[in-house]
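Below: one structure, written as structure tokens.
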């Protein structure tokens with residue numbers, strides 16, 4: 001069964017990351033490696049996770065000129081990652097170049113998605129960078145651009161999933177960070193939902209970090225989240 005839960009490995013050292021991984025089942029969850037851990041540990045750590053049979057989401061949010069992003073995506077595919085992302089705001093040419101770079105991997109190519117608006121952003125922050133449209137409208141615009149560029153889906157808030165599915169179709173993948181358990185604070189995330197709410201909204205994959213990584217019994221939290229899929 002394809003894992004619907006992606007655990008964000010938000011650690012600043014290898015020891016803590018591996019200690020958590022030892023408690024997780026590759027059949028139950030995928031793992032997200034972001035900028036901090038990748039910068040610290042590099043490709044060898046990603047290869048180690050792949051060797052352990054985990055699906056790996058390489059969350060580096062590539063955003064550069066098309067040629068550079070294309071080469072970065074090809075390098076990610078060579079690592080054997082399951083999913084990776086770029087910034088939709090990089091534009092159609094960049095996203096098309098990224099997709100073309102991994103097409104030769106056929107059925108084994110990574111799922112390629114694009115970041116719409118970071119879940120830490122609210123309307124005030126979006127306006128501060130010169131975008132004066134409502135968050136949801138900008139998210140939909142970038143999602144449509146992503147689909148037209150040939151990518152598989154987007155990273156978005158669970159609050160935006162239904163609108164994106166209406167605009168881009170049910171098969172268009174939505175990956176939703178900003179997931180918090182009912183008893184968790186939202187910390188630096190602005191657009192958040194609980195696992196149950198996100199599933200009800202139609203999110204395809206949930207990205208959960210601190211509620212799992214900072215839990216005394218992370219495997220129990222994983223099990224509790226997965227129960228929501230069977231209710």
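Using N, Cα and C of the backbone, Cβ positions are placed for all residues, glycine too.
Automated prediction, rather than curation, is the source of TrEMBL annotations.
What you are looking at is a predicted structure, and each value in this text was computed from that prediction instead of being measured.
What TrEMBL records for this protein:
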- 59: active site, for OMPdecase activity (ACT_SITE)
- 61: active site, for OMPdecase activity (ACT_SITE)
- 61: active site, proton donor (ACT_SITE)
- 64: active site, for OMPdecase activity (ACT_SITE)
- 10, 32, 59-68, 119, 180, 189, 209-210: substrate binding site (BINDING)
- 4-225: domain 'Orotidine 5'-phosphate decarboxylase' (DOMAIN)
Could you list the residues of the same chain, at least six apart in sequence, whose Cβ is under 8 A from the Cβ of residue 64 (active site, for OMPdecase activity)? 72, 90, 94
According to DSSP, which kind of secondary structure is residue 209 (substrate binding site) found in, if we only use helix, strand and coil? coil
Sparsest-packed of the listed recorded positions (10, 59) - C-beta count within 10 angstroms: 10
For residue 60 (substrate binding site), the nonlocal same-chain Cβ neighbours (under 8 Å, six or more residues apart) come out as 34, 35, 38, 72, 76, 84, 85
Are there any residues at least 6 positions away along the chain from residue 209 (substrate binding site) with a Cβ closer than 8 Å to its Cβ? List them or say none. 7, 8, 10, 32, 177
Chain-internal residues, separated by at least six, CB under 8 A from residue 66 (substrate binding site): 93, 94, 96, 97, 98
Close in space, distant in sequence - residue 63 (substrate binding site), Cβ under 8 Å, 6 or more apart: 69, 86, 87, 89, 90, 94
At the level of the C-alpha atoms, what whole-angstrom distance separates residue 61 (active site, for OMPdecase activity) and residue 119 (substrate binding site)? 13
Which one is it: of the recorded positions 61, 119, which Cβ has the fewest other Cβ atoms within 10 Å in this structure? 61
Euclidean distance between Cα atoms of residue 119 (substrate binding site) and residue 59 (active site, for OMPdecase activity), Å: 14
Mapped onto three states, the DSSP assignment of residue 60 (substrate binding site) reads strand
